[in-house]
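Student: The structure under discussion is supplied below as structure tokens; questions concerning it will follow.
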């Protein structure tokens with residue numbers, strides 16, 4: 001053997017390991033590029049309180065989650081590279097490994113870039129619940145195509161980075177023919193076996209988030225260690241990790257904060273027990289759940305915004321508010337349509353994941369229509385989309401709606417425009433479908449309870465062609481749609497006022513969730529949930545006014561039942577807004593592993609173990625964390641722990657009635 005060959009032998013044996021290390025570094029760079037793209041695409045959501053030091057802290061934290069994602073997604077690649085058999089050291093084998101590496105990590109890049117676009121609609125990383133949420137939709141292809149066009153720069157970035165991965169990939173400089181003696185073969189096998197064993201230990205640590213004794217596998221909630229605001233968790237995490245960590249996982253777990261339901265009920269119980277002798281007042285009930293209709297868009301709610309110059313985009317709803325009961329603060333309980341339905345109709349907020357997308361959906365529970373159906377009401381749910389869209393048909397049946405009317409039902413009604421009124425994306429335009437809604441209620445026997453979910457104020461933010469010139473755009477794409485939907489609501493009430501059932505009806509208007517924002521106070525951890533809660537009683541029995549206090553979607557059931565004089569026990573995580581002292585009203589939200597409890601003029605943030613923040617509602621940008629400085633904190637923490645315990649225990653043990 002020549003001196004040159006002796007010198008090359010160790011390098012030959014280490015080629016797979018050296019190449020693996022170089023390529024793993026390359027994969028980290030790909031995830032870094034994706035995180036920077038995520039930040040830049042959604043900078044307006046993250047810029048509050050962001051500085052270089054904090055950004056670096058979040059990016060360093062992100063390395064831990066990137067490591068876990070890379071270990072899981074590249075496990076086969078790592079095994080193939082370090083497999084201790086010299087026969088694999090061929091060009092064909094390593095070309096296959098290169099393609100495996102590029103494809104796997106290109107998928108990771110693709111998921112991260114797609115999620116950067118989806119983030120403004122959910123304000124969190126996407127989890128596996130998204131597949132159950134949209135499994136009944138048939139328009140996702142057209143929406144995806146639209147977003148590809150709108151975000152062409154991400155397409156270009158994906159192509160460039162994927163091409164760069166392929167070109168920068170390091171191929172091992174070894175060949176099976178070099179291992180032509182038993183000694184060389186055994187040396188190769190031994191060195192690579194040790195490398196594989198070391199890699200296995202490192203991978204176990206990487207997958208778990210550390211090798212220290214007592215370290216549990218990291219979860220999505222661990223991102224809170226690196227952030228100042230819950231929304232920033234999305235920047236620390238990556239989408240492959242969020243998907244992997246939620247596959248087949250048990251979502252709800254009963255915390256050890258209380259010994260029993262009775263113990264927690266000393267601080268909170270969702271079971272409402274009305275006076276059995278209360279007088280019944282069986283008015284009709286109409287609940288309008290308006291897609292993406294955030295409080296920010298409504299001028300009547302924002303008279304101080306922009307120095308008093310802000311007019312909003314909802315002149316018809318502004319007029320309605322003058323005749324209605326509204327509240328100083330009002331919030332949605334979640335960020336998605338699938339969150340808004342259980343909150344508004346069942347009194348069940350979204351904690352961790354939408355429960356109707358989890359196995360807990362098989363629990364025994366009901367809602368407003370189920371209770372009122374047994375009380376002599378006719379009930380119906382209206383949604384202008386395809387039957388089954390978003391799982392709403394199944395949900396409506398589950399909670400007791402006797403009838404369901406969707407796009408197909410509208411198309412069969414000869415009084416209206418049929419499928420020509422389909423918007424091409426989600427369902428029937430709001431204006432005609434709201435008229436259909438009004439007409440169908442005229443056919444129902446009183447008392448009735450109905451709910452309608454609108455569709456038009458939704459991505460891709462278009463309006464009917466005939467209104468393109470009538471409705472001016474605003475500073476955001478959604479503003480034009482909000483103007484259109486506001487007009488549709490105005491026309492609905494014009495028609496409803498002519499109906500004999502109108503004055504005997506209680507109307508409640510809420511949004512399912514919020515959407516695009518261009519004011520910082522509506523981009524904070526609590527501001528992003530700000531949504532209307534409008535209670536309209538045409539009979540005048542409920543005095544129109546702006547009340548002190550806090551309203552949320554889960555308050556609909558107790559408030560309506562209080563008005564109707566419903567006298568049977570029921571479950572709701574809300575309160576009767578008309579009979580609860582304002583200082584006792586509250587709101588519940590969940591964002592990126594953090595529970596938010598708004599009460600007593602404060603929003604408290606709790607990560608499941610400790611209070612991480614408390615902010616005055618007057619601190620519109622949430623710049624001053626008052627944790628451990630507010631006397632109400634201790635009581636609020638006890639109450640929130642009781643709420644969480646009640647929620648989790650009832651989900652796990654099927655106690656939702």
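Every residue, even glycine, has its Cβ placed from backbone N, Cα and C.
Quick caveat, the model's predicted, so the values are computed rather than measured.
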Student: Per TrEMBL, what member of 147, 225, 232, 291 joins 512, 513 in binding Mn(2+) at one site?
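Tutor: Looking through 147, 225, 232, 291, the residue TrEMBL assigns to the Mn(2+) site is 291.
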Student: Which one of these stretches, 190-211, 234-255, shows up in TrEMBL as transmembrane segment?
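Tutor: Based on what TrEMBL states, transmembrane segment spans 190-211.
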Student: Taking residues 6+ outside the transmembrane segment (69-87), which of them lie with a CB under 8 Å of any CB in it?
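Tutor: Residues 16-17, 19-20, 24, 27-28, 31, 93, 96-97, 100-101, 104-105, 107-108, 172, 176, 179, 184-185, 188-193, 195-196, 199, 203, 206-207, 238, 240-241, 244 contact the transmembrane segment (69-87) from elsewhere in the chain.
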Student: Cα of residue 513 (Mn(2+) binding site) to Cα of residue 458 (substrate binding site): how many Å, rounded?
Tutor: 11
Student: Given the binding-site residues 291, 458, 512, which one's Cα is the least distant from that of residue 337 (active site)?
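Tutor: Spatially nearest to residue 337 (active site) by Cα position is 512.
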Student: Three-state secondary structure of residue 458 (substrate binding site) from DSSP?
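Tutor: Residue 458 (substrate binding site) sits in coil per DSSP, no helix or strand.
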Student: For the C-alpha pair, I'd like the distance in angstrom between residue 291 (Mn(2+) binding site) and residue 458 (substrate binding site), rounded off.
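Tutor: Residue 291 (Mn(2+) binding site) to residue 458 (substrate binding site), Cα-Cα distance: 7 Å.
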Student: Just name the most isolated of the binding-site residues 458, 513, going by other Cβ atoms within 10 Å of its Cβ.
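Tutor: The binding-site residues 458, 513 were compared, and 458 has the fewest Cβ atoms within 10 Å.
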Student: Could you say which of the binding-site residues 291, 512 has its Cβ with the most other Cβ atoms inside 10 Å?
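Tutor: For the binding-site residues 291, 512, the Cβ with the most other Cβ atoms within 10 Å is 512.
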Student: Looking only at C-alpha atoms, tell me how far residue 512 (Mn(2+) binding site) is from residue 458 (substrate binding site), rounded to the nearest Å.
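Tutor: Roughly 11 Å, rounded to the nearest whole number.
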Student: Inside 8 A of the center formed by the CB atoms of 291, 512, 513, which other residues of the chain have their CB, for the recorded Mn(2+) site?
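Tutor: Here the nearby residues are 289, 290, 292, 293, 332, 336, 337, 340, 511, 514, 515.
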